[in-house]
Amino acid sequence: MALRFPRFSQGLAQDPTTRRIWFGIATAHDFESHDDITEERLYQNIFASHFGQLAIIFLWTSGNLFHVAWQGNFEAWVQDPLHVRPIAHAIWDPHFGQPAVEAFTRGGALGPVNIAYSGVYQWWYTIGLRTNGDLYTGALFLLFLSAISLIAGWLHLQPKWKPSVSWFKNAESRLNHHLSGLFGVSSLAWTGHLVHVAIPASRGESVRWNNFLDVLPHPQGLGPLFTGQWNLYAQNPDSNNHLFGTSEGAGTAILTLLGGFHPQTQSLWLTDMAHHHLAIAFIFLVAGHMYRTNFGIGHSIKDLLEAHIPPGGRLGRGHKGLYDTINNSLHFQLGLALASLGVITSLVAQHMYALPAYAFIAQDFTTQAALYTHHQYIAGFIMTGAFAHGAIFFIRDYNPEQNEDNVLARMLDHKEAIISHLSWASLFLGFHTLGLYVHNDVMLAFGTPEKQILIEPIFAQWIQSAHGKTSYGFDVLLSSTSGPAFNAGRSIWLPGWLNAVNENSNSLFLTIGPGDFLVHHAIALGLHTTTLILVKGALDARGSKLMPDKKDFGYSFPCDGPGRGGTCDISAWDAFYLAVFWMLNTIGWVTFYWHWKHITLWQGNVSQFNESSTYLMGWLRDYLWLNSSQLINGYNPFGMNSLSVWAWMFLFGHLVWATGFMFLISWRGYWQELIETLAWAHERTPLANLIRWRDKPVALSIVQARLVGLAHFSVGYIFTYAAFLIASTSGKFG
């Protein structure tokens, strides 16, 4: 018999139903469950696949550069970044009639094009790229890296070049390599690029390979470095009337601590960013020499963890046993990595708008909105994934004997306390926040808006004041004009910071009031509830009061029959599934809040947000309904316009989202009956019954149907909001 899909599971390959296909796809990446897998092959397969992942990333970024160089308007945009719309790529569509061709021909292009809302133009401009030739060079280089990655992946699957398990489990060497070799060296290299190429470009000087060795990045060269007069590198920074990309108002400093923003570009000073990357490089280069490898000096991570025993013995055996538990569990390591990456991605979303690093990106409002929303959604998916793999760790890898009475075991021992506290916090936040919103709704409905309960966020305002925001009238720390911190800030460090915090032309420490207080607590409710579901799913993954032996059922069992009071919806997978809905819900509130507050700021009618955000009807009417009018206007009696594609995507997104419920709200038996009826009709229809199938069609399993429903719900939800966000922002601000 010919080998059927999936080759990695003989049991599945012999399944006579369509379950073979779906389960095959579902377990294709679960290498641990494949036939004939060994620990060594598991590690080697994952290692090799990382190179494939890198190859795809390099190919994708190369494609971005290539298409902008080929079909974009980068050189025209460089001449006037604030008024030329950046083109991502051309649109070739044989269905376009004349109205469509006219609607999408913009940005100085000859035919229909897509506008770039990704910020790549601003990024490339900031780092010193100026011509299409530069972009082509970058595209070719990344293509080369992509090829190298593919070759490396193939190479590490050859018997001679396959690393051993001991190599993968050498935590100290890996840490040293990643800290020094990857973070440290790459940060140092980036500092070098900023100092040698980007900063000269911002001052109107082109540095390329042909003159790279002739142009001094600083008039005094390396002299100050070797004589210890490092402060010379900070002297004579760019002036406040510096025109970015020209020598007008330019200085000679390369490493500064100015603080605040470049007045023209509204982005962080390049010389501050070079300084930042140099400091990061230094820290990581040091950190990467801390762990003991072949030379017998430095820390052993196992020794560090074993030494972590809390005083007095009241917290058990501390971190004993953790080293082997983590080092032998890929799921634990992946969980830690995803948790860190998720937090970092969310921080990127926050910092990209509050402290914009790229020239002129702060004035490109649609790009700002798109980047914030994009990074928050990505963060949500990554963070939920962290808990999914945490749960799989407890089911597949956790050994109670190895972890007796250490922090991990003690966390499991008092999981009821953890879960009930989270539950209490979620209930408190939910009822109080909804209570305030609904009370305010009723007051507005009965025409007595003055009876709303409006709470000033005084603690948050105090924190903003401590960082230098003066408008609230708190006389504290950096907002206290007589204090030593304030005086030092004027001269020694970050003199531009206080101006930036108190200017209203950026997003640093936005003024907050009762509407912000309420939505902050709505978001806190979402975060705590999502966390509650995820934490409960992971801590109960091996067993709970109702079902003590979950471990034997695995990660994604649907139910254990009607016994024990009915055990549906209690697998670790079910917790993850439910949590993703809450995650999407929460990020909805986060992005609604960010977008509405910023739209009113950019339009100069901030009172609309302040007055309408204190009750639910305000959100529905003055944010969602009012801003979706552009979408519904993509086609009108006068023909179509450039928003029509978003109007279509808005409708299509709703369709995909609604389709999700077909899978989420139905019983498996209904589908099986439907399939049997369709198969019966097929077999009795002339001509059609000439086509047969090998696999008996069966309905999706409960877990699979939920996954398909969740996928449609998520994709449709994000498509719908993306169309709304981009159309409503670009429709207002161009």
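Every residue gets a Cβ built from N, Cα and C, even glycine.
Remember, predicted model here, so these are calculated numbers, not experimental data.
Annotated [4Fe-4S] cluster binding site per Swiss-Prot: CYS559, CYS568, in sequence order, evidence recorded as sequence analysis. Taken from Swiss-Prot, the feature chlorophyll a B1 binding site applies to HIS654. Under the heading chlorophyll a B3 binding site, Swiss-Prot lists MET662, TYR670, citing sequence analysis as support. Residues annotated as phylloquinone binding site in Swiss-Prot, with sequence analysis given as evidence: TRP671. Taken from Swiss-Prot, the feature transmembrane segment applies to 46-69, 135-158, 175-199, 273-291, 330-353, 369-395, 417-439, 517-535, 575-596, 643-665, 707-727.
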Decide whether the stretches the transmembrane segment (575-596) and the transmembrane segment (643-665) have at least 3 CB pairs under 8 angstroms, with pairs required to be 6 or more apart in sequence. no
Using a 10 Å cut-off on CB atoms, tell me which of the binding-site residues TYR670, TRP671 is the least crowded. TYR670
Tell me which residues of the chain lie with their Cβ under 8 angstroms from that of CYS568 ([4Fe-4S] cluster binding site), as long as they are six or more apart in sequence? PRO558, CYS559
With Cβ-Cβ distance below 8 Å and at least 6 positions apart along the chain, what are the contacts of HIS654 (chlorophyll a B1 binding site)? List them in sequence order. GLY716, THR720
Cβ under 8 Å to the transmembrane segment (46-69), counting only same-chain residues 6 or more beyond its ends: which ones? 31, 87-89, 116, 118, 120-121, 132-133, 135-136, 138-140, 142-143, 145-147, 149-150, 152-154, 156-157, 163, 168, 330
Using Cα coordinates, what distance in whole Å links MET662 (chlorophyll a B3 binding site) and the residue listed as 'phylloquinone binding site'? 10
Using a threshold of three or more Cβ pairs below 8 Å, and leaving out pairs closer than 6 in sequence, do the transmembrane segment (417-439) and the transmembrane segment (517-535) count as in contact? yes
So, three-state DSSP: helix, strand or coil for MET662 (chlorophyll a B3 binding site)? helix
Give residue numbers and ranges for long-range contacts of the transmembrane segment (643-665): same chain, 6 or more residues beyond its ends, CB-CB under 8 A. 100, 103-104, 628, 630-635, 700, 705-706, 708-724, 726-727, 730-731
Could you tell me what the rest of the chain brings near the transmembrane segment (417-439), counting residues at least six beyond its ends with Cβ under 8 Å? 411, 452-453, 455, 518, 521-522, 524-525, 528-529, 531-532, 535-536, 539-540, 614-616
Around the Cβ of CYS559 ([4Fe-4S] cluster binding site), the count of other Cβ atoms that are within 10 Å: 16
Can you count the other CB atoms that lie within 10 A of the CB of MET662 (chlorophyll a B3 binding site)? 13
